[in-house]
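*Asks:* Pulled these features from Swiss-Prot for this protein:
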- THR78, GLY79, LYS80, THR81, LEU82, TYR228, ARG240: ATP binding site (BINDING)
Amino acid sequence: MSITLQKQETDQDPVDAILDTAENGKSVIRNREMLRFTYIPETIHHRDGEQRNVTHSLSPILKRSRPSNLLVYGKPGTGKTLVVKKILQKIQERVKRSDFPIKLVYTNAKDETTLYGLLVSFGRQLGLDEKELPPTGLAISEVFKRLIKAIDTGRTNAVFVIDEIDYLAHLVSKTRKDVLYQLTRANERIREGSLTIVGISNDLAFKERLDPRVLSALSEEEVVFANYSVDQIRMILEDRAGEAFVPGAVSSSALNLCAAMAGREHGDARRAIDLLRVAGEMAERAAADGVTEGHVRDAALKIEENKENTALRSYPLHEKLVILAVMRSKGSSTGEIYSTYRELCRLTGQAVLTQRRATQMLSDVELSGMVSGRITHQGIHGRTKKFKLTVPPATVREAFGDDLILADII
């Protein structure tokens, strides 16, 4: 019996089996690129007003005038980045046909772990090489000075688009390096050329945490993106499915379910498109004729599991210990969490970091969404912030299970 089974298993290499299916099997997806969040469609549905407002705000740059600083708000998946990138793309096409010294610079603040890295990203897109702007080693003030000089000497009209600018504000708060304030005052130091800031934020309350001086300069104009309705998401999905899948491959009920699931999450079109993509990939792997509701439900589970697991595994050791301390403390204050963290360090033989540093890590983990904090009132003792996990403890245990240092305390 075992010999027969072994022979059956070795009849065909498992890699070849998968590649044969990919090469010769059924394919329901004909253009995967259209299901990526980076894809910019020619038509962005239900965002005509927002496109007009952002374009009006940025269009003075084509007349060699400085556009007003702009803040773009809206929850994730409401089309903010898509609209801004489309407009930048169209402006760039016109710039190429002229001799205007215009630079459109885009960066996502969350992709950079330090303020230095963020400023270097701006510099590279302005054309500064490693000699002119080293990847490390300069003071923040010197990096900023070199950015201003590049704009000034090139007589450049520059637009810095900062996606997830709320994360930059968090970095500023953490390092006490007021880069946002310096960026908003940069034009006072630029004799030739100009700098405009476009900030994109998922956090509608973000500006309430800004220094009033920064807010005044940064929000010269504002555009708010409302949530998509379920019907609007359905129309977006129909459009993408028609281009990305072979005709008739996606059932109407599957599209409805994708739209309904995304609609429950504040109208997140990005999640809806991601669901459709993963559901399509699962249908192909199963050699199915098309995408069904079952594929969509399976895709939703897979996306959630992968997202949380990957994020948890990526944390450094001491942030993992802080997360475990929150899990063990169950809704406790920073002081109680720090006490548990110290005990976990003792059990794992790790050097204990200061309470200030541990509290900072707790704030970083909260920002990433793995824990949530809530202010509670405690009578004469005033207010305190209580923290709890936003993911199931079982997910944490699974993600940290391969870490040999943590194995004995999970």
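First residue shown is number 1, and so on along the chain.
Just so it is clear, glycine is given a Cβ too, placed from its N, Cα and C backbone atoms.
Because the structure is a prediction, the values reported are computed rather than measured.
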*Asks:* THR81 (ATP binding site) has how many other Cβ neighbours within 10 Å of its own Cβ?
*Replies:* 24
*Asks:* Please list residues from the chain of GLY79 (ATP binding site) whose Cβ is under 8 angstroms from its Cβ, counting only those at least six apart in sequence.
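*Replies:* Long-range Cβ contacts: ILE44, HIS46, ARG47, GLU50, PHE225, TYR228, ALA269.
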*Asks:* Which whole number of Å gives the largest C-alpha distance between any two of THR78, GLY79, LYS80, THR81, LEU82, TYR228, ARG240, the residues noted as binding ATP?
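*Replies:* Between the most distant Cα atoms of the ATP site, 18 Å.
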*Asks:* Which chain-mates of ARG240 (ATP binding site) that are at least 6 residues away have a CB under 8 A from its CB, listed by sequence?
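*Replies:* Non-local contacts for ARG240 (ATP binding site): MET34, LEU35, PRO41, ILE273, LEU276.
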